[in-house]
Amino acid sequence: MSETSRIAFGGRRAVPPNNSNAAEDDLPTLELQGVVPRGVNLQEFLNVTSIHLFKERWDTNKVDHHTDKYENNKLIVRRGQSFYIQIDFNRPYDPRRDLFRVEYVIGRYPQENKGTYIPVPIVSELQSGKWGAKIVMREDRSVRLSVQSSPECIVGKFRMYVAVWTPYGIIRTSRNPETDTYILFNPWCEDDAVYLDNEKEREEYVLNDIGVIFYGEVNDIKTRSWSYGQFEDGILDTCLYVMDRAQMDLSGRGNPIKVSRVGSAMVNAKDDEGVLVGSWDNIYAYGVPPSAWTGSVDILLEYQSSENPVRYGQCWVFAGVFNTFLRCLGIPARIVTNYFSAHDNDANLQMDIFLEEDGNVNSKLTKDSVWNYHCWNEAWMTRPDLPVGFGGWQAVDSTPQENSDGMYRCGPASVQAIKHGHVCFQFDAPFVFAEVNSDLIYITAKKDGTHVVENVDATHIGKLIVTKQIGGDGMMDITDTYKFQEGQEEERLALETALMYGAKKPLNTEGVMKSRSKVDMDFEVENAVLGKDLKLTITFRNNSHNHYTITAYLSANITFYTGVSKAEFKKETFDVTLEPLSFKKEAVLIQAGEYMGQLLEQASLHFFVTARINETSDVLAKQKSTVLTIPKLIIKVRGAQVVGSDMIVTVEFTNPLKETLRNVWIHLDGPGITRPMRKMFREIRPNSTVQWEEVCRPWVSGPRKLIASMSSDSLRHVYGELDVQIQRRPSM
């Protein structure tokens, strides 16, 4: 062994790590066994003159493998399924004396036992689950083969060679990038770990390149479209590059469990120079505000071209990009939104909200936060590493929240295991279980150091879990896939199972739960429009024959959607007198001027009302959020909506605020209609309208979407979208 190689491998391994799809080393064109006798011309043996891969969009290879949408002129096939190639020789092929085979190679250090060097034998019949090539046609000097890959094959970009055997050794074709072949996961193949048996689900979760993300608040659900763009030019190569950046060994890239876990770590940049930098502090200098992105394409292409993390993302952006990564590689995937999602910092299935004795929230002691909503992904796969029954949808989350095995990543965690409380199964099931199942506990921290549990709300967290419906833009409620209904026997059993596996610690409080109060309190926030006043109505109901006086406290805060408070913009204390068996309403006016100056990314207001009944010292507590209604962008089109024809797209925005908007960026995207683009307006004065026109030439027919977003220094999360039906180009 040479001095250099001994230094490189440290004596522990014969071959360096094979962890880059992009790195390559050519196979020799001649592998001779000894010296070729004088007078023998190797060119007289069977020689390859050309190879045809049938890789046009309309060719059967791409149509049958559902890869005809990829904007990529290489052959793209799905594993476990046969495809056709044709080899032209210098003379007619004679099976009695000629011997050749096709070879597929990936990475720089190919090894047959690692699946990175694949010699494909010529066989009389293809066998399910195995590599093989069957001659289906011989004509003159050409041979057509039906090649079948293994359903467990590595997913990536392979180099292809044809090797011919001679009495003196092997003659191999030289490296030709035109014959490079991408092999992807195959949800249409029963032997593949990602097999999905429903065609409508495959069309939605693998082939749909536009999605809907749900956000807002459980009583005011908002939607926005997202361009996944998994078929756009360069995206497939970028997804392979993401795995290269993770230095993921090529031999593991056929396993969807490993691929999705690596993806969940690499979509965030927290500890591995991954795709997106997260930012929740409302300061987005040197980057794009999370709300301005309209899809994944710009983000992924910028990551590959700059080789640096892209700024900035929040949960729905991480989920959108991760969904593109999964669908692009062929793993069925969807985005889910959990309303009132618990971020349990001490992992005890409790969200502890500490109150002062006067009812105010004690922000020093309150460490856990409840996100108004949180988006993560689900990926579909078998789980041979778990007991039978835990395959199917797996929760995977690329938003950097907690450390898992030394990196910021989460999942795949079996949704079925989470529902039944089997949180002992890898990966990160206790964390996801807590996000949807934690109890909200109000605790009074007394001045003498003791803690008294005032109230336990077991139904607040994981109130609603949704995803986009199949074949439409509506909402599908999937709460029952994560949890049983509150109060059911199965729900209690699932909680006890999670307890048994150590997911929940005993209630970390002193004292006993107080008995239920005779007074009920609730409040409503009217629909609030950005820049307008709004009213909050608190209702007290006395269910007893006693006379009560109540001291109530209202705290109104600007909050991040993660539940973290930025600033209290209003506080008010008032006294209420309640007659026996009566109710009383108190109205509080919130003026626009009180909240407008310090609004955050998502215009979310959080109200916390606590009330103390003076006669019994009972404390009542209730909290609610409201998301302000924000103006929309209007998109219009004119001209023929036909593939290859020019059409004019207009984006329009009217500033409804009483202040001038500055540094306004409008983003426009439409998969199959236009590449992502953006335009800046220095300022938009109050009540004035701006218009932006672009000429677009669609290249994909069928139902499409135009998506626009706007961000400025003081107003963000402004969206607009338009459904368009693009016609095929008329045949001449």
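Cβ from N, Cα, C; glycine included.
Note that this is a predicted model, so its numbers are computed, not measured.
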| message | Quick test of your reading of TrEMBL: among 1-26, 105-130, 391-416, 651-676, where does it put region 'Disordered'? | response | 1-26
| Within 10 Å of D439 (Ca(2+) binding site) (Cα-Cα), which of the active-site residues C315, H374, D397? | none
| field | Model confidence over the domain 'Transglutaminase-like' (307-400) (mean pLDDT, whole number) | value | 90
| query | By DSSP, what is the split of the domain 'Transglutaminase-like' (307-400) into helix, strand and coil residues? | reply | 15 helix, 41 strand, 38 coil
| Among C315, H374, D397, which are recorded as active-site residues, the nearest neighbour of N437 (Ca(2+) binding site) by Cα | H374
| field | Among C315, H374, D397, which are recorded as active-site residues, the nearest neighbour of E486 (Ca(2+) binding site) by Cα | value | H374
| Spatial neighbours of C315 (active site) among the recorded positions H374, D397, E491 [C-alpha, 10 Å] | H374, D397
